[in-house]
């Protein structure tokens, strides 16, 4: 009997931990974000449902190409709960990514979302790196109509390997996926990560590290 009670206790503990580790199911049709809300919650407070309008669920502009005249040759147009208040609590978001020829979307991660990218125009090389200790690079060249998945939290990138501008649409499994661009975070933090730490971590000369930090 004692063994059965112990097994039941362990089962309930495991079940509770799984339940707490996932997002709760929505208890209403929607929770349109109220930007004027003063309460700090894990998300955005809800607008009065009686005040909700169709515009709260729509966004215009994804047909417009982003300006790619920058150092990396790409532009991301995000569509999150900030742009569509009706996405609040629904666990999804969207982005349009534009590239100039040879443009890149630099190595980055989304700490809160898996991403699936579909190429609309152009030829894009994509890839992600598995976690330690393997750090295996998984890469593929995508053409128009191809889709590719980047698992949540893993470092990934895209590059336009065609001769014309390209663009893709990405869907992400969070209303606020977050983005950590590796180079910006490592070499452009505020305040700087101590140069000697980066020099040892990247096995670089201290002068090289300081030169990199000056660029971000």
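Placed from the backbone N, Cα and C atoms, the Cβ positions cover glycine too.
As the structure is a computational prediction, the values presented were derived from the model and not from experiment.
All protein chains included, residue 105 (oxalate binding site) registers 26 other Cβ atoms within 10 Å of its own Cβ. Feature annotation from TrEMBL assigns oxalate binding site to 105, 110, 115.
All chains included, 23 other C-beta atoms sit within 10 angstroms of the C-beta of residue 110 (oxalate binding site). What TrEMBL records for 108, 110, 115, 156 is Mn(2+) binding site.
Within its own chain, residue 46 (disulfide bond) has 28, 31, 32, 33, 34, 37, 88 as residues 6 or more apart in sequence whose C-beta sits under 8 angstroms from its own. Marked as disulfide bond by TrEMBL: 31-46.
If you look up TrEMBL, you'll see 60-210 marked as domain 'Cupin type-1'.
For 1-21, the entry in TrEMBL reads signal peptide.
When other Cβ atoms within 10 Å of the Cβ of residue 156 (Mn(2+) binding site) are tallied across all protein chains shown, the result is 22. Around residue 31 (disulfide bond), a 10 Å sphere centred on its CB holds 22 further CB atoms from the protein chains shown. The Cβ of residue 108 (Mn(2+) binding site) has 19 neighbouring Cβ atoms from other residues within 10 Å, across all protein chains displayed. Of the recorded residues, residue 115 (oxalate binding site) and residue 108 (Mn(2+) binding site) place their C-alpha atoms 12 Å from one another.
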